[in-house]
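Below: one structure, written as structure tokens.
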Amino acid sequence: MKEKNPWHRPVTIIITVIGVIAIVTLVTYGIVLDAGSSHTSLYIYQWPAEKDNNTGRVEQKHHCQVAGKGISSYTATPYKAGESLISCLKEAKENIPQKMHPETPLYLGATAGMRLLKLENSSASDEVFKAVEKTLRGFPFSYQGARLLAGQEEGAFGWVTVNYLDDRLTQVSMGGFKYTSVHGNESAKGALDLGGASTQISFVSDEYNGSESPDNAVSFRLYGYDYTLYTHSFLCYGKDQALRLALSGPTAIMDPCFHKGYNETKHYAAVYDSPCVSDQKPQIVSETFIHLGGGNFTQCQEVIKSVFNFTSCRYSRCSFNGIFQPPLQGQFGAFSAYFFVMNFLNLTDTSVPLKTVMQKLSDYCATPWTQVCAYFKHDIPLKYLAEYCFSGTYILTLMMEGYNFTSETYSSIKYIQKIKNSDAGWTLGYMLNLTNMIPAEAPDSPPLTYTSYVSVVTVMAILLFVIFILILYSLWPKCNTEPKII
Ligand SMILES: Nc1ncnc2c1ncn2[C@@H]1O[C@H](COP(=O)(O)OP(=O)(O)O)[C@@H](O)[C@H]1O
């Protein structure tokens, strides 16, 4: 007769429990490349394999900044646009377990730099996309496409990212109870994104249902809530193109937005080789001009105001350039260049009165260039350093004059770079959308949160292990030193 294996049951239990833990902690990955106007970034996101559609579960695992400029700058040698991505894609291979590569979706989205190139030279933009696609297909990931994002998508996905990471989209589960009082429009946070070539504003407003200026409406149903988002992307109003707008025209030479003592010979082409300003190119024989700094905040504000057109509005209300904008509502997260610039200027605290912020910026603009260089030139690229006075003034003018924030509502803006270790930007929202990670309807509230679930399984595993040891101990042949008297 076959002897019963006393080990059989506990071993099976242990293996099962370890298996369960392994499944619970398995991770899925996704890669998104943000092909921006100034540079390309690669983001790796990760989330638990057993997705239960809760919010706050997808997080950024890795970020790689592609060396060199944005893909739109490679028109003369498109293959180099593809080659530029290789080192970050190699990093992605190292950061994702090999067995997961074939099932890791890989997306590339291009924004305003490529929108401008498409306007300027559509076949050159096609060539760049072809080169990029060739490189992406050469990697073992699940390639899902490289495409141009519409400005509206860029704005809307940025809004999704901010609200997802802030846990503002779903019902909050508190001790097993659903806490629903602050969701929908009331809790959503607006998104302000300032890139190099375009800028986006996206928010929900109780006074906007999409009937006025429907082009600005994006409707979502997320976790059982309907949102009609107002969003607009201003092409040419990112900070690099806005600088060209401000530089073009007769005031180009003595520039109040640059520090006193700044004196650089620049090529006209560096200002005018963009569809944003090409029609304003002066008819001069000379190829270069001298860019002199004046260091005057008030005059700089005036120059910047002149790049916005406030004269006509065919809607009930507008921001600028005749674009409809409903009344601002709620809190706003301002990211990308909003953060880079205000962080450098030490002006990210929006509880400081706006008057004080302006005074500090004015003092900074009045600082001579030699002094600014002496302080910072070892830490900050000179191009950025030279432009912070312009960029800070542009940001405040765009917000206050362009979008109609007031000294009271300024404090509703928070300058943000990351939320819970993930960068604020359109990429996460884009991936959440394409992987159907956010359902339209609220999922049934799971009996346990993910953390509690993992904790319970772990405690069970430990408990079973202890039981196993005890059983083992009781079955182990005992060798007594004392002889037994029978
Ligand atoms: N540390 C920094 N200081 C100042 N400007 C920066 C810094 N880092 C990036 N920028 C600039 O901020 C702008 C926005 O950056 P980004 O969002 O990456 O733009 P894009 O996606 O258009 O390339 C760009 O003009 C970029 O050159």
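Note: Cβ is positioned from N, Cα and C throughout, glycine not excepted.
For GLU154, the entry in TrEMBL reads active site, proton acceptor. According to its DSSP assignment, GLU154 (active site, proton acceptor) is helical.
As annotated by TrEMBL, ATP binding site applies to GLY196, ALA197, SER198, THR199, GLN200. DSSP assigns GLY196 (ATP binding site) to coil in the three-state reduction, placing it in neither a helix nor a strand. Cβ neighbours within 10 Å of GLY196 (ATP binding site), excluding its own Cβ and spanning all shown chains: 22.
The transmembrane segment annotation in TrEMBL covers 12-32 (among others).
Among the features that TrEMBL reports, transmembrane segment is placed at 453-476 (among others).
Rounded to a whole value, the Cα-Cα separation of THR199 (ATP binding site) and GLU154 (active site, proton acceptor) is 9 Å. Highlighted here are the recorded positions (GLU154, GLY196, THR199) whose C-beta falls below 6 Å from ligand 1: GLY196, in sequence order. It is 10 Å from the Cα atom of SER198 (ATP binding site) to that of GLU154 (active site, proton acceptor). Once Cβ contacts within 10 Å are tallied over all protein chains shown, the binding-site residues SER198, THR199, GLN200 are led by THR199. For GLU154 (active site, proton acceptor), the same-chain residues 6+ apart in sequence whose C-beta sits under 8 angstroms from its C-beta are THR111, ALA112, ASP193, SER198, GLN200, SER233, TRP426.
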